Structures are given as C-alpha cells and as structure tokens.
C-alpha cells in the first residue's frame with residue numbers, strides 16, 4: 001500500500017563537514033587532472049603523425065570514454081557531498097545507471113580490442129599492417145561502443161520497471177545497481193539474474209579474450225632470443241597490461257556475483273577506485289610507461 005518513489009536521496013559519505021569538504025576538494029582535483037590528462041592524450045595523438053597507428057587510435061577512444069565516464073559521476077557526487085544536490089529523480093537515476101554501466105561495458109570491449117591489437121603486432125608482425133587496417137580499426141571501435149550500450153539496454157529496462165515504495169535513501173554517491181536492488185519492494189530476481197548474465201557476457205568474455213591474447217603475447221616474447229628484443233616487445237604492451245589489471249580487478253569485484261552485494265560501503269570504496277581513480281591513472285600510465293608517448297611529449301615541450 002506504499003506510494004511510488006519519484007526521487008531518491010544520495011547519502012554520499014556521511015561525516016563531519018570538514019571530512020566531506022576534504023573529499024570534495026579531492027574529487028574536484030582528481031576530476032580536473034583526469035579531464036586534462038585524457039584531453040592531452042587525444043590532442044597529442046591527433047597532432048603527432050608518428051602516433052597515427054591503430055594502438056593510439058584505440059587509446060584515443062579509451063581517453064574519450066574516460067572523460068565522459070568520470071563526468072557522469074564526479075559532478076553529482078560533489079553536489080551530494082556538499083548537500084546542494086542530494087536528490088535525484090527516478091528517471092535521472094536510471095539514466096545515470098544506464099550511462100555508467102554502458103560506458104563501463106564499452107571500456108571492457110575496448111581493452112579486449114587493444115589486447116587483440118597487441119597480439120597481432122607482436123605475434124604477426126609481418127601481416128599486422130594488412131590485417132589491422134583503418135577500416136578494421138573503425139569497425140572494432142564502433143562495435144565496442146554499440147555493443148557496450150546495447151548490452152546494458154535490457155538491464156536498464158528491467159531496472160526502470162521495478163517498484164520503489166520507500167525508503168528513498170541510496171547509500172551511495174551514484175545510482176548503483178546494487179543500491180537500487182536493496183531499495184526495491186518488488187521482485188528483484190529478474191534484475192539480479194540479468195545483471196549476472198550481462199556481467200558474464202561483458203566482463204568475463206572480454207577478460208577471457210584479453211587473457212588469451214596475452215598468453216600468446218607472452219609465449220611469443222619468451223621465444224625471442226635477445227634480452228633487448230624481449231624488453232622492446234614487452235614495452236609495447238606493458239602500459240595496456242597495467243590498465244587491464246587495474247580495471248578488471250575492480251570491475252569483477254563489483255559486478256560478477258550471483259546476487260546483490262550486501263556490503264554497500266565496500267561497494268562505494270571500489271566504485272571510487274573504478275570511476276574516479278582509474279580514469280586518472282590511465283593517461284599517466286600510458287605517458288610514463290610508453291616510449292613513443294614520452295618522446296612525443298618531449299618534442300612538444302621542446303617546441304614550446
């Protein structure tokens with residue numbers, strides 16, 4: 001006999017005003033560095049002819065994705081922590097959930113595509129240019145974007161059909177699928193099943209593609225006789241391997257589980273790492289661990 005909830009209240013991070021203010025400053029600084037770093041990578045690749053290769057084309061897609069991924073989280077989280085924008089309408093909540101999960105799925109597909117690209121570059125170097133041409137790069141990138149958004153469409157549809165009778169307080173700084181499941185007063189089994197199946201299809205399947213690619217990559221590198229050759233081959237994929245490890249570790253903890261996670265506080269901590277810290281780390285990882293990017297940056301600074 002409860003009335004339908006039309007808006008939610010984002011709890012954010014309860015605590016003193018000083019604690020929440022310090023988090024706001026940290027989130028704002030991280031967001032600024034994330035956007036600046038990823039925009040810099042896009043501009044650098046766009047303006048440097050040496051970087052006009054499939055590897056950096058996919059890196060630009062990843063950087064563009066990270067900008068929007070963190071933008072969908074941080075501004076609203078800051079408003080919730082300051083207390084100026086704690087409420088979010090039901091439709092806006094579903095839209096944010098769909099947007100973030102879709103971009104997360106796109107990132108999984110992009111990382112697996114980048115792993116496949118590194119596999120071709122190291123294991124099939126003579127045929128790499130003919131196989132990974134501009135047309136295939138465009139198709140792989142487009143498939144990753146469309147596949148990510150289509151994979152979450154059914155889940156978002158099922159979530160929007162759930163009934164919420166109250167309470168209306170979400171123990172999170174974003175609209176997270178587990179938080180919505182906890183608050184729903186309708187049968188959540190279909191949504192939980194859909195979440196688990198989508199997680200298997202998107203996260204686990206893309207992770208398997210990445211792992212298999214790196215199994216072949218490592219096998220090929222170990223067959224190289226010279227230590228210099230092995231080091232050079234590994235340096236071309238070390239940055240991507242670091243990003244893959246960070247991303248999949250946090251994503252599997254969040255989504256690959258048969259039922260809603262009860263520890264929502266742990267969910268918040270992992271979500272901070274997944275949606276705020278990881279987009280910040282990616283440009284720095286590719287800058288510090290990639291020789292071509294460091295050389296291009298050095299040339300830019302020398303010109304200036």
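Glycine is no exception: its Cβ is also placed from the backbone N, Cα and C atoms.
Listed in TrEMBL:
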- 20-44: transmembrane segment (TRANSMEM)
- 37-286: domain 'G-protein coupled receptors family 1 profile' (DOMAIN)
- 56-74: transmembrane segment (TRANSMEM)
- 94-116: transmembrane segment (TRANSMEM)
- 136-158: transmembrane segment (TRANSMEM)
- 193-217: transmembrane segment (TRANSMEM)
- 238-257: transmembrane segment (TRANSMEM)
- 269-288: transmembrane segment (TRANSMEM)
For the domain 'G-protein coupled receptors family 1 profile' (37-286), mean pLDDT (0 to 100):
84
Any chance the transmembrane segment (193-217) and the transmembrane segment (56-74) are in contact, meaning at least three CB pairs closer than 8 A with a sequence separation of 6+?
no
